[in-house]
């Protein structure tokens with residue numbers, strides 16, 4: 001049966017943790033995280049006796065007035081929309097539960113108003129004189145709640161209780177209403193009840209202390225944090241029995257902010273938060289807390305509260321050191337790792353620091369029969385399992401084997417996670433995008449991509465990161481540390497994953513295979529980028545020109561074309577580059593290194609991309625075909641250049657003379673005409689050229705090499721362009737036509753000379769007689785006449 005307890009209704013308005021299945025006010029109180037949770041067998045009945053509450057009270061009929069929560073107009077105005085909606089839902093649901101259990105009651109006017117969507121405060125009884133008799137009756141009729149009080153130090157069974165601080169909603173209500181007289185009377189009544197409760201609590205705990213503290217599974221211990229809204233701050237100082245093997249600490253049944261434990265043999269300070277998890281309920285499998293939004297049940301009110309925070313967006317956990325807040329305890333529990341070194345478990349005798357062990361576990365070291373010592377480092381462990389795992393880190397022992405693939409692990413938790421890679425199990429799902437993960441930590445990291453949270457900040461440059469591992473690697477930029485060294489070539493890396501990827505260049509391993517075309521890759525990121533070629537996906541867009549890219553690195557490189565940034569500078573000549581790969585390739589021009597060799601002909605190249613393009617020549621594959629003329633090309637860039645012959649596009653323009661070119665290399669060579677630069681020099685005759693292709697063709701005049709042969713007549717040429725022009729003699733093709741007389745030519749140079757006849761231009765002038773000619777060949781013929789005249 002759902003909750004009909006007034007405390008649950010009020011708790012819903014403060015914590016949004018409603019839905020408890022309890023009728024007994026003591027049971028509800030025990031479940032609520034703001035109050036002590038007596039989950040020792042029989043402690044509820046003892047609690048009733050200690051406070052004078054009759055055990056038979058739970059059998060009396062419950063009226064609507066017993067469970068209703070009222071607000072004044074002033075208080076109602078202080079509630080926001082979410083709180084008002086929650087109040088309306090709780091009141092209507094509570095009234096429905098009363099009817100469902102057979103209570104024959106008339107419908108209260110407040111329920112009628114809430115059902116019609118009207119304000120409830122209009123039906124509340126007026127309180128003009130601020131006497132608040134309704135609240136006094138509620139206080140007298142309900143279970144007594146400890147008020148906010150501070151007690152002097154008391155001694156009992158080796159424990160000293162210094163102070164209690166409790167949150168009390170009824171106390172707050174009286175304080176808001178200004179009921180001073182009722183407040184003073186309330187304090188007097190509560191002080192008596194508190195003394196009875198403290199006495200009863202110590203009696204119970206003196207008998208049960210060893211049971212609680214001996215069960216390590218009953219508590220979830222974390223470092224120096226408390227839920228900011230749910231948990232009251234309670235500060236205890238305990239001194240245990242020196243000869244006892246278990247610690248007597250009554251914090252076992254409540255939340256603790258700071259606990260200081262002292263022992264004559266050891267001195268240790270522990271910052272911990274202890275959360276009761278109700279073992280009896282876990283054993284029976286009962287899920288007492290049900291969420292109406294997701295139809296999900298929980299056996300722990302803390303887990304239920306975490307889950308409700310997902311729906312509401314409420315962030316209930318605050319870390320005291322940095323005041324960062326979280327809506328789930330797992331994320332909250334991981335956060336203290338950022339503050340490593342601040343809250344540590346320090347055991348002075350052995351000077352060991354414990355991050356994962358609680359002081360309750362470590363105290364076992366004090367007894368000889370329970371101490372496990374690792375001789376190598378003189379480190380001591382409270383459990384032999386910890387010793388076994390610790391020893392494995394030095395012996396390289398991996399005792400946890402997986403039979404499917406033969407992989408071994410040091411920790412059993414690693415084995416459990418690894419098994420999920422075989423089963424495909426991904427139980428942790430992102431609420432934002434639906435992406436699933438194998439472990440909770442991966443989900444937590446992923447969620448930061450949605451929230452934008454970057455909690456890990458570099459103390460050197462202030463740069464922030466979403467993941468702690470990224471911060472650790474980033475810090476190596478400042479320190480210059482590269483701890484991962486390749487055993488083959490001695491190259492160092494600051495990422496272990498980079499070393500693993502680098503080692504594949506030595507082994508030739510390519511474990512990542514494309515399911516579409518079968519192509520393999522050394523890096524998973526390369527496979528992911530390759531897969532986008534098949535899908536056409538380009539998720540990375542430039543903000544300047546809206547151009548899209550398959551991977552982020554390509555976008556980063558492209559953005560430098562807008563900014564003009566060239567961060568990579570050559571130390572030899574000072575030349576700068578936008579891309580690091582271009583700098584690496586450029587540096588090989590200084591060293592002469594050509595590490596990429598063709599296995600077919602042995603030709604070497606400075607860049608892998610140049611080798612890949614060259615290898616296509618041997619394969620004969622020409623996958624890129626022109627849709628205009630059907631011509632095939634081995635490279636996409638060649639096809640693009642070829643298509644410009646059809647479109648007439650010449651995108652590369654000279655800023656000196658305005659002449660345009662279809663290829664960028666032609667523009668570069670043309671600019672050297674203006675500058676007079678001829679960087680390509682022949683070693684045989686010292687002749688220089690402004691284009692490398694001209695030098696290559698010239699060298700063949702010395703060697704006599706003519707690699708381009710005509711299949712029709714067998715004539716050979718030293719340039720491919722000369723062969724193309726020659727082939728037109730066999731085919732009769734004359735692609736170059738004059739716009740004036742429609743005359744056609746097989747060579748472009750012949751068309752240019754012909755067009756000068758129409759324009760009258762004669763740019764070639766004889767140096768002997770000054771006569772001008774339209775073509776260079778005509779000038780050469782004329783100059784031969786002068787030579788013959790001189791001979792005669």
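Glycine is treated like the rest: Cβ placed from N, Cα and C.
The feature domain 'KRAB' is assigned by Swiss-Prot to 62-133, with sequence analysis given as support.
Residues or ranges marked as zinc finger by Swiss-Prot: 289-311 (among others).
Per Swiss-Prot, zinc finger is recorded for 317-344 (among others).
What Swiss-Prot lists as zinc finger is 428-450 (among others), and the listing cites sequence analysis. Across the zinc finger (428-450), mean pLDDT in this model comes to 86.
The zinc finger feature in Swiss-Prot is assigned to 484-506 (among others); the stated evidence is sequence analysis.
If you look at the zinc finger (512-534), the same-chain residues 6 or more away from its ends with a CB under 8 A from one of its CBs are 501, 504-505, 550-551. Annotation source Swiss-Prot lists zinc finger at 512-534 (among others).
Taken from Swiss-Prot, the feature zinc finger applies to 540-562 (among others). Here the zinc finger (540-562) has long-range neighbours at 525, 528-529, 532-533, 578-579, meaning same-chain residues at least 6 beyond its ends whose C-beta is under 8 angstroms from one of its own.
Note: the zinc finger (568-590) comprises 11 helix, 4 strand, 8 coil (DSSP; helix = H, G, I, strand = E, B). For 568-590 (among others), the entry in Swiss-Prot reads zinc finger, with the evidence type sequence analysis.
Look at Swiss-Prot and you will find 624-646 (among others) tagged as zinc finger. Proximity of distant same-chain residues to the zinc finger (624-646), defined by a Cβ-Cβ separation under 8 Å and at least 6 residues beyond the stretch ends, is recorded for 613, 616-617, 662-663.
Positions annotated as zinc finger by Swiss-Prot, on the basis of sequence analysis: 652-674 (among others). If one looks beyond the zinc finger (652-674) by at least 6 residues along the same chain, the residues whose Cβ comes under 8 Å of a Cβ in the stretch are 641, 644-645, 690-691.
If you look up Swiss-Prot, you'll see 680-702 (among others) marked as zinc finger, on the strength of sequence analysis.
Taken residue by residue, the zinc finger (708-730) breaks down under DSSP into 11 helix, 4 strand, 8 coil. If you look up Swiss-Prot, you'll see 708-730 (among others) marked as zinc finger.
The zinc finger annotation in Swiss-Prot covers 736-758 (among others) and is backed by sequence analysis.
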